[in-house]
Structure formats: structure tokens, C-alpha cells
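Quick look at what Swiss-Prot lists:
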- C12, C96, C194: [4Fe-4S] cluster binding site (BINDING)
- H41, H74, H124, S222, S223, N224, S266: dimethylallyl diphosphate binding site (BINDING)
- H41, H74, H124, T164, S222, S223, N224, S266: (2E)-4-hydroxy-3-methylbut-2-enyl diphosphate binding site (BINDING)
- H41, H74, H124, S222, S223, N224, S266: isopentenyl diphosphate binding site (BINDING)
- E126: active site, proton donor (ACT_SITE)
Amino acid sequence: MKLLLSKPRGFCAGVERAIETVEKALLLWGSPIYVKHEIVHNRHVVQGLKTKGAIFIEDVEDVPVGARLIYSAHGVSPAVREQAKKRQLIEIDATCGLVTRVHSAVKRYALQGYQIILIGHHNHVEIIGTAGEAPDVTTIVESVEDVKNLNFSSQDKLFYITQTTLSLDDVKEITQALIVKYPHVETLPSSSICYATTNRQMALREITDLTDLVLVVGDPQSSNSNRLREAASTRGIESYLINDEKEIHPEWLLGKQVIGLTAGASTPEEIVQKCIQCLIELGVNEVEDIVYTHEDVVFQLPKPIVNARFSVD
């Protein structure tokens, strides 16, 4: 039985920056450090940071006045930032730079009088934060059916933008429907789907046609991990989303010749390696890397972390 490893996979630059932000904050100022929402959507990462002293909260009111609060990679709305200021919290922003780009675009176009069409999943924390930049003029669209139900006129100035972790195929269908209905709709010159989401989906496509089973290592809450599993499934390949090696079912491998393995952008490589070892113990006797592209993107740590490190040095 052969195992094909999709590359790139696992951590992206935004996730690495967010995790390092929490770790460095704990080293610089000690516990507790408060984090708004899970820093990234992966239970192994979150649990590891909890044991080091990070406290994850959903409501800013749960943070003691004057404490340090880190914003997760998914971003937050201006209302959350205002709430933090009222509590005199020391804010450390670990929002992914690519999410910040989307926030900035929504704010800019809203100020210019546009109606914002935000393509994404209604309940995802990234979408909640982005929509909060201009809640009165933002409409969230999740499907082609949602596009059909839009009631804008040809006189309305329209701008669309997407959640950074969506399926390339889904976005293509939705944007095509949007452009057909509203030919005058505007968007950014380049896609707002992040490079890592795109690379992981394209890398997976390189192996799906060669496999009879695809395993995606990622948390059920992780949007990009779910989109990876869907990408394989829509191509008719049996596929499963697993948290770690403990969720691999031996019966999945019965009769299989080639297995594909990838991981979402918030999945640690050590978890992937445990999954590989488990598959070897279950009968895999050949492992091959299939490389789509190499990534060398690095995002600078938030200024409060950088400045504190320099002052300590």
C-alpha cells in the first residue's frame, strides 16, 4: 500500500505568526495571557497553549480590566476592539495579514457608498469579524441560491469579497452567478482567498486522481480543513477529516492501493507525522511526497511583541 503526501500542507505563515505571538507573550509577561477565540482552529494547538498559561475567551467582558488580550488569526470586529479599549486592555493583534487586507477593503468600499457582498460561512468567526467593519451595508452570501435571493438594483454600487479560507470551486460558482446577475459588481484586482488555502487545495488536486482514499488531518472547526476534504469528495474520492492518528479507522484501508494525506493550515506537522506512522503500522510500505509548490511566506510578529523583545534584549 502506497501513501502520497501532499505538499504544501499544515501550518501557513498566518497560523505560525499567531501561535508564536501567544508563546512569546507568555514568555515575556507570564501567565495569564488572554486570547479572544481559539488562536487557530486546532484543539491540539489550543490545548498546548492552555497548559502554558493561555486563557481562551469569547466575551471580552471575561477579561480582567487592564489585562493583555490577543486577537486570534481570524480577526475581530471594530466593536470588539472598542469593548477592549473600554476595559483598558492591552491589545495584541495576531490577525492574519491576509484577513486584515479583507477588513480594510470592506471598510474602504463601504465608506465610498458601496453595498458589500461578503462571500463566506455565516457563523465563521472570520466572517463575523469582517462583517463587523460595515454591518449596515454588508450582506453575507454562502451559496448560489443566496445570490438568487439578492435584491440590489442596477443603480446600487456593489462590491464583493470572500472569506480567505473558502473552496476555490465554490467561490467560482458563486462569483460567476453574482457577475451574471450584477455585471457592474466590483471586487479586488486579486483574489482574497489566501495563498495557503489555494496552495493546499491545488496540491491536493495533484494527488486525488492517483488515490482511492484521502485523509485530511485537521480540526472539524477548521474551515480550510473542511474545504480540503470536500475538494477530494467532490472528485468522487472516499475522504475523511481526522483530528489525529487516533481517528484513523483500519477498515478504511481495506482494499485500498494508494492513500493520499494532507493537512489543514492550522494542523501541526507533528500530528501529521503520527498519522503517517499509524498508516505504516496499518500496512503502508511506500511513502512519497508530491510537491505542488514551495512556500516561503513569513509574517512579522505584532509590534507589541517585537518592541517588548527589543526592550528586553
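Easy rule for this one: first residue shown is 1, then count along the chain.
Each residue, glycine too, has its Cβ placed from N, Cα and C.
What you see is a predicted model, and the numbers here were worked out from it, not measured in a lab.
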How many Å lie between the Cα of S222 (dimethylallyl diphosphate binding site) and the Cα of E126 (active site, proton donor)?
11
Give me the count of other Cβ atoms within 10 A of the Cβ belonging to the residue listed as 'active site, proton donor'.
24
Which one, from the binding-site residues T164, S223, S266, has the smallest tally of other C-beta atoms lying within 10 Å of its C-beta?
S223
In sequence order, which residues at least six apart in the same chain have a CB under 8 Å from the CB of N224 (dimethylallyl diphosphate binding site)?
T165, A196, T197, R200, G218, G264, A265, S266
If we check Cα distances from T164 ((2E)-4-hydroxy-3-methylbut-2-enyl diphosphate binding site), which of the binding-site residues C12, H41, C194 wins as closest?
C194
Which of the binding-site residues listed here (H74, H124, S223) have a Cα atom within 10 Å of the Cα of C96 ([4Fe-4S] cluster binding site)?
H74
For H124 (dimethylallyl diphosphate binding site), what residues in its own chain, 6 or more apart in sequence, show a Cβ-Cβ distance under 8 Å?
H74, Q163, S223
Measuring Cα to Cα, how many Å separate the residue listed as 'active site, proton donor' from C12 ([4Fe-4S] cluster binding site)?
16
Given the (2E)-4-hydroxy-3-methylbut-2-enyl diphosphate site residues H41, H74, H124, T164, S222, S223, N224, S266, which other residues of that chain have a Cβ within 8 Å of the mean position of their Cβ atoms, reported in sequence order?
V40, E126, T165, Q221, S225, G264, A265
What Cα-Cα separation, expressed in whole Å, is found between H41 (dimethylallyl diphosphate binding site) and C12 ([4Fe-4S] cluster binding site)?
13
Other CB atoms within 10 A, centred on H41 (dimethylallyl diphosphate binding site):
28
Compute the mean position of the Cβ atoms of C12, C96, C194, which form the recorded [4Fe-4S] cluster site, and then list in sequence order the other residues of that chain whose Cβ is within 8 Å of it.
A13, G14, V15, A73, G97, L98, V99, T164, T165, Y195, A196, T197, A265
How many Å separate the two farthest-apart Cα atoms among the (2E)-4-hydroxy-3-methylbut-2-enyl diphosphate-binding residues H41, H74, H124, T164, S222, S223, N224, S266?
15
